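Worksheet: the structure to be examined is printed underneath.
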C-alpha cells in the first residue's frame, strides 16, 4: 500500500528524455537549441519594446503582434527550462506538481496563440473591408478584452484534465517521451481508466484549434471576396500583401501542430528521434520565425529594429 501511494499523485517523480542514442552529444546538441531560443527571445522582446516605445505603432495590428510575441515566449519558455536541464545533465527528474504546471502552461499558451491568430485575422478583415471604421471598431479597450478572453478561453477548459490527473496512480514506467511534460504523454503512464481524458482532450482540441482554424479560413474568404472587388491590380496586391505575414504565422503554428498530431496518431512505432524532433519543432519554430517574418514584411517593425541596432545612424539620416 505504501508503495502504491508513493507512486501516485503529488509524490510521483517523472524522468524527462533528451535525445535517445545521442546522450554523449547532448552538450553539443544544446548549442543550436540555445542559439534558436536566444534568437526567438531577442526577436520577440525587440518587437515588444518597439511596439511599446514607438507611438506610431500604437495601432490594433501592432497590439495584436505584441500579444503574439508574448504568447510565443510564454509557450516556449517552460519547455526550454527543462530541455536545457536535460541536455546539460543537470537533472532528468521532474516532480508531478511541476510537470502538471508545465503541461498547463504549454497547452494554455498553444491554444492562446491560435486564438490570437484568429484575432489577427479579424484585424486584417476590418482593416481591408472597413478601413474607415478600423480605429473605432478595434479600440484599445476591445483589444485588451480580446486578449483576456483568449487566455481564459484557453486555460479554463484544461482544468478538468488537471483535476483528473491528480487522482491517477502511476505504476508504469515514469519515463516521459520528451524533455517537457505534455498531457498525452502523462496519461500514457497512468494505471487507470483514461478514456475521459482522451475523449475530453480531443473535444477541447477540436473546439479550440478547430474553431480557430475554421474562423481564420472564413475570415480570409471574406477578405479575398473584398479584395477581388478592388479595381486596380496594384490595389489588390497591396491589400493582400498586408496579410502575408499573418498567413505565414498561421502556417508556422498549424503545420508543425498537424505534423505532431500525425506522428502521435499514426507513427507511434517510429523512431523516438522523430517524435522528439517534431515536438521541439512545434514549440521552437513559431517563437523564432514569427519575429523574423514580421521584421522582413512590416516596414515599421523593420525600421524599429534598425533603430535599436544602429540608433546613431538612423538619427543622423533623419
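The backbone N, Cα and C atoms fix where each Cβ goes, glycine too.
Between the stretches 273-293, 294-314, TrEMBL puts its transmembrane segment entry on 273-293.
Panel annotation: around the transmembrane segment (28-51), residues 18-19, 22, 57-58, 62-63, 65-66, 69-70, 72-73, 76, 80, 83-84, 87-88, 280, 284, 287-288, 290-292, 294-295, 301, 304-305, 307-308 of the same chain, lying at least six beyond its termini, place a Cβ under 8 Å from a Cβ of the stretch. Within the chain carrying the transmembrane segment (273-293), a Cβ under 8 angstroms from the stretch's Cβ atoms is held by residues 17, 19-21, 33, 36-37, 39-41, 43-44, 46-47, 68-69, 72-73, 75-76, 79, 83, 106, 113, 177-180, 182, 245, 248-249, 252-253, 256-257, 259-260, 263-264, 267, all 6 or more beyond its ends.
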